[in-house]
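As structure tokens, the structure follows; a few thoughts come after it.
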Amino acid sequence: MNKANLLHTDINLKITLFSEVSVGISANSILIFAHLCMLLGENRPKPIDLYIAFFSLTQLMLLITMGLIAVDMFMPWGRWDSTTCQSLIYLHRLLRGLTLSATCLLNVLWTITLSPRSSCLTKFKHKSLQHISCAFLFLCVLYMSFNSHLFISIIAYPNLTLENFMYVTQSCSLIPLSYFRKSMFSIPMAIREALLIGLMALSGGYMVAHLWRHKKQAQHLHRTSLSSKASPEQRATRTIMLLMSFFVVLYILDLVIFHSRMKFKDGSILYGVQIIVSHSYATVSPFVFICTEKRITNFLRSMCGRIVNI
């Protein structure tokens, strides 16, 4: 029997995964609510606020889908049919890919927004949101096509006893693909993800280099009156770098665990750990925005104050 089929017996993994999903859903919901309220309350809303709300919505949908899948992993209330398996697994894989795309494009949009007037990126500022939206839609279509094989490789197979079938949930299993089909889908996905991470690193490096030059110029002009307080641009760049570094570390760790899982024949512990690691970014990233953006912090404080005074 496939070892991952025993995943539902691990209470610690069950508690950890459901806790992660619950916290992530709550944090992303708060972030979406805060940004939507600020967008509705401002005369000229910033494009970055709209995109962060959309970014959080993507992560919220990912965690909700993962929560539904986790229910069938640990406490199945009824066996799913093949259509339910294929739809939920496909949606989950699509949202995971869109999270990578949204993270990359958020870094690019932030870089364009914070770039100085003398930068070559200035010409993209007025239409940056439109360009980012078009790029996201294009990547969405790509992910939908690259993940289409799941509709033929995911089946409802409750009594999993064959070694060549890979466990997904208590109801769903993955049929092994031929080497040609596997390569046909995995190679384009690997290239696309490498390009997105490379673009993310390039945008982060650009902002670090720009702020380093800006700091040197400020030190040259104001050697005797330097302020230790970080500027909004510096705080935003720190947020970018923190999110990007955290995402890349988790992405690499996810790949390492995945290959280890394949090597050790799909062990239940590695499978559970991989699920937790792959959804950690969606849970932690909203807290980074909430803690680093003063506008969100002040808004949440004012909301709490109003609730207390009622």
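All positions are counted from 1 along the displayed chain.
Using N, Cα and C of the backbone, Cβ positions are placed for all residues, glycine too.
According to Swiss-Prot, the features are:
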type	residues	note
DISULFID	CYS85-CYS172	disulfide bond
CARBOHYD	ASN159	N-linked glycosylation site
TOPO_DOM	1-20	topological domain 'Extracellular'
TOPO_DOM	42-50	topological domain 'Cytoplasmic'
TOPO_DOM	72-93	topological domain 'Extracellular'
TOPO_DOM	115-134	topological domain 'Cytoplasmic'
TOPO_DOM	156-183	topological domain 'Extracellular'
TOPO_DOM	205-238	topological domain 'Cytoplasmic'
TOPO_DOM	260-268	topological domain 'Extracellular'
TOPO_DOM	290-310	topological domain 'Cytoplasmic'
TRANSMEM	21-41	transmembrane segment
TRANSMEM	51-71	transmembrane segment
TRANSMEM	94-114	transmembrane segment
TRANSMEM	135-155	transmembrane segment
TRANSMEM	184-204	transmembrane segment
TRANSMEM	239-259	transmembrane segment
TRANSMEM	269-289	transmembrane segment
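In this chain, the transmembrane segment (269-289) does not touch the transmembrane segment (184-204); fewer than three CB pairs sit within less than 8 A of each other, excluding pairs fewer than 6 residues apart. In the three-state DSSP scheme, CYS85 (disulfide bond) falls into the helix class. Scored on C-beta pairs under 8 angstroms, the neighbour of the transmembrane segment (94-114) with the top count among 21-41, 51-71, 239-259 is 51-71. Here the topological domain 'Cytoplasmic' (290-310) has long-range neighbours at 27, 30-31, 34-35, 37-38, 235, 238-239, 242, meaning same-chain residues at least 6 beyond its ends whose C-beta is under 8 angstroms from one of its own.
Counting residues of the topological domain 'Cytoplasmic' (290-310) by DSSP class, helix then strand then coil, yields 19 helix, 0 strand, 2 coil.
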